[in-house]
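As recorded in TrEMBL:
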TRANSMEM  27-45  transmembrane segment
TRANSMEM  51-70  transmembrane segment
TRANSMEM  90-106  transmembrane segment
TRANSMEM  112-129  transmembrane segment
TRANSMEM  214-236  transmembrane segment
TRANSMEM  266-283  transmembrane segment
TRANSMEM  295-320  transmembrane segment
TRANSMEM  335-363  transmembrane segment
TRANSMEM  383-403  transmembrane segment
TRANSMEM  409-426  transmembrane segment
TRANSMEM  447-468  transmembrane segment
TRANSMEM  474-493  transmembrane segment
Amino acid sequence: MVLYLQFYTQEIGKKMRKDILDILNKINPYLFLITLLIGILWAIAYNNIKLIVLALYIIAPVTCAIVWIFYHKEMYTELLKFSPIKKLDLLYILIYVVTLIILFIYSTRPLIYFILIALLYVFVLYQILSSQRSWSYLLIEIILLNANLIYGVLFKYPLYFGGTDTFSHIYFSQIISLTGHPIPNLLDPSYSYFPPFHILVSIVSQILDIDIDYALFTTISIAYFVLPIFLYYIIFTITQNNQIALLSCFFNSFLVSNIYYSFYPIPRGLVFVFFIIFLYSLIKDNLSFRFLGLILSTSIVLFHSASVVQFLFILCIIIFLEHLLQTQNIIRKDIIIFLLIIFAAYWFYVAIDFSTSIIVYLLNPDKIKDITFIQPSIDFLIFFQDHISMGIILFFVILGFSYVTKKPSYLSVIGILTMILLVFYLPNPIKMTTQILEMFGFYRFELFASPFIAIMAGLGFLVFLNTFSKSNKMMIGLSFLLIFMAVFTSIITTNNASDFNKNTSTTYFTNDEMNAMNFIEYKTSSNVTLYSDYFMYRAFYPKHFFEADNDYLSYGLKFYNVNMILDIESISLNKGYIIFRKSEFEERKLLLLGSSSRVYEYKYTNESSNILENNLLKLSKIYKSDRNEIFYN
């Protein structure tokens, strides 16, 4: 009787899953069309027609995917085996060495460097499709490409700072290294209660006898080298398909968000690696890996204050979809309960001050009184350059999702999850709402959604290739050209290659700029007032909080009253030290000025340059180099 009930329940579950997927399969093309229509109507309603133009990178691939789905009712992911190309691996090594030589010869990464890296990615893709090498060999090639991109930035430029949080993490790690204690609550409550990341960086610095900034970059980069390995094992365990697993790792390695966080050393990036290993421990489901899962659960909570919320959201969706589709239960509920308990206990019993401040912030009625939207850049060239890669990947993601609705498996769970996470990944009215973006940190989902997007993209690419014969060289060539474009445009985005994009602000400091900072550090007293552009302001801002705290002076730490230059016309009224990044203004044709509440671009023109020069003449110049100047008033 019990066996009969179990069998009957399983049959009902299978029928329910088939019914749900059949419905999704029938409506998903129309669902995409309706979503596009809603977005267009929203842009018209808010009188923001330029958003429709900017959304072409979404409209075009979605339209192409819908047309493709209508014309190809049958979808396959058969194992492809292209004819091996002799000595392709030797050609990979040769070109890889050439990229290293280019990094040593040129002062910045030139166009040819990015072209060769994209070409190497195409070589790896062909080897995956030809089954020319073992999976471990191909993973090593992918990791080597990641290492090239990471160290091509970190060792090429004296200080890469990305989104500027790097400065805070360097300073917090320095405090721990010098004092042996976590940072005080008054300095930054969001990290004073979550110190393990900075403790780890300090330990690496002490053990390897290297500076804190190098220790910071080393910690993140090494973590990202193991990411493809665990991701491969996760996908292979689910699919038992070596090619899908390798393609997923391949797509994941060049997603814009993954490249960005691989050399932007902040806790979120490290915790993301923890999360992937955590998922692997859930899939393995033996005693040793359960224990590893418990350790990683605690680490995820302690290393970064906010990431655990996003992780729990993703895990809860997976559990819900597993139950809804009656699939294999990979996510163990007891581990999730443990993660919830650790999270709640630490946040509301230990980090109570931090938790209270978050709750007060979220419940503030002023935050939701007037809904405002982020206005994207109107520089169409830069915008499309930054989003071409995602447009191509979106095409393959939709094909992958369409496939999993036709072929029920655990990939159906990942497919639906990916569609949900795309809401947080792609620009849309929800994500562009200032209040939602600030209050719930939706921008963090871009990184956390990346492995699921990569899985669907890899699956969709395999579906795409299976629709035409291997003798159709034109279509095969088009497929590889699309991947080349996707990789190339991903690695040269504004965030990932500010050295290549000359019309945007640099996200790194040169040796000359570091010398100017050292001049302030060693030639001025503590508690002086500084004025500078946005990026230099962010470099000194972490030291702003302790301007009246003398306990740290004995360790050689100084504190500053840090301000941004509000405008050029009133620069002569600023009392204190004024740091002017001359080369940044002349070469990049802009500086970011303003205040903490409003930052704007001060463009370089002959007129603006003359106004700036005339105002700087009113100040006393105390430091001058080829690229930077420091004034005192």
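Heads up, residue numbers simply count up from 1 along the chain you see.
Cβ atoms are placed via backbone N, Cα and C, with glycine included.
Counted over residue pairs separated by six or more positions, the transmembrane segment (335-363) shares fewer than 3 Cβ pairs under 8 angstroms with the transmembrane segment (409-426), which leaves the two as not touching.
Beyond its flanks by at least six residues, the transmembrane segment (90-106) meets 112-113, 116-117, 119-120, 123-124, 141, 144, 148, 152, 156 of its own chain at Cβ-Cβ distances under 8 Å. Remote same-chain partners of the transmembrane segment (112-129), defined as residues 6 or more beyond its termini with a Cβ less than 8 Å from a stretch Cβ, comprise 80-82, 85, 88-89, 91-92, 95-96, 98-99, 102-103, 106, 138, 141-142, 145, 148-149, 152, 243, 246-247, 250, 253-254, 465, 480, 483-484, 487-488, 491-492, 497, 500.
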